[in-house]
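For reference, the structure is listed below as structure tokens.
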Amino acid sequence: MMKRQFEDVTRIVIKIGTSSLVLPTGKINLEKIDQLAFVISSLMNKGKEVILVSSGAMGFGLDILKMEKRPTNLAKQQAVSSVGQVAMMSLYSQIFAHYQTNVSQILLTRDVVVFPESLANVTNAFESLISLGIVPIVNENDAVSVDEMDHATKFGDNDRLSAVVAGITKADLLIMLSDIDGLFDKNPTIYEDAQLRSHVAVITQEIIASAGGAGSKFGTGGMLSKVQSAQMVFENKGQMVLMNGANPRDVLRVLEGQPLGTWFKQIEEVTHD
């Protein structure tokens, strides 16, 4: 088994999903957000550069507007997300400030990273913020994103968005926090003998086929989108860890090399002269 070595990792993208930020009751998980802010601030104090990709706008919006479930109407979905995004960033700003860490907001649509001019601008924005010691908090701009064939601006979900952000910022590592322990050889909710894959070097058709199921009622990303995100990370010669976000402090353990979650890392070919 390959040993995980993250000593040389400087720039880290951390992605947290709605299911990790919102309790099953629909209320905001304040303890989880506080832990996340502590972990990221600790990493910043150690000289790391951290970008946070955060879902949760819809979950926050549903809570504020006291709605039981996400609307089926697109315009109402966008309205709820717009309300929730403000609340989410306000809370992040307050809690990160407790740890003397400044944050900023970057809202992206897919067309921004497709066109070279806008891609250059957003890349420069990331670099400027990082150089100032600020944590960029990234989300999709749900209020304006559309998924129409002639003008598709949606990423699909924040799993893919986090892989895109890791690529354009040339991050050393993407850490994806989810409500599952990692990638299993089969669905652990159905099969008791399902085994956690500690290391994945190649995304095979078998892995893609076994990654099924949708996300939670508050979020959208299922296992398939996480596997597809790992594929994007591989295409950018990067690495990714998919792990349970129940205890964000586990991120520090992962960076120490402890074998939590699933490590997606291609095996480098050895060339002989």
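Note: Cβ is positioned from N, Cα and C throughout, glycine not excepted.
Note that this is a predicted model, so its numbers are computed, not measured.
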Additional site residue, ASN45, ASN158 [criterion: listed by Swiss-Prot with SER55, ASP142 for substrate]
ASN158
Give the helix, strand or coil assignment DSSP yields for SER55 (substrate binding site).
coil
CA pair ASP179 (ATP binding site) / SER55 (substrate binding site), Å rounded to integer, equals 13
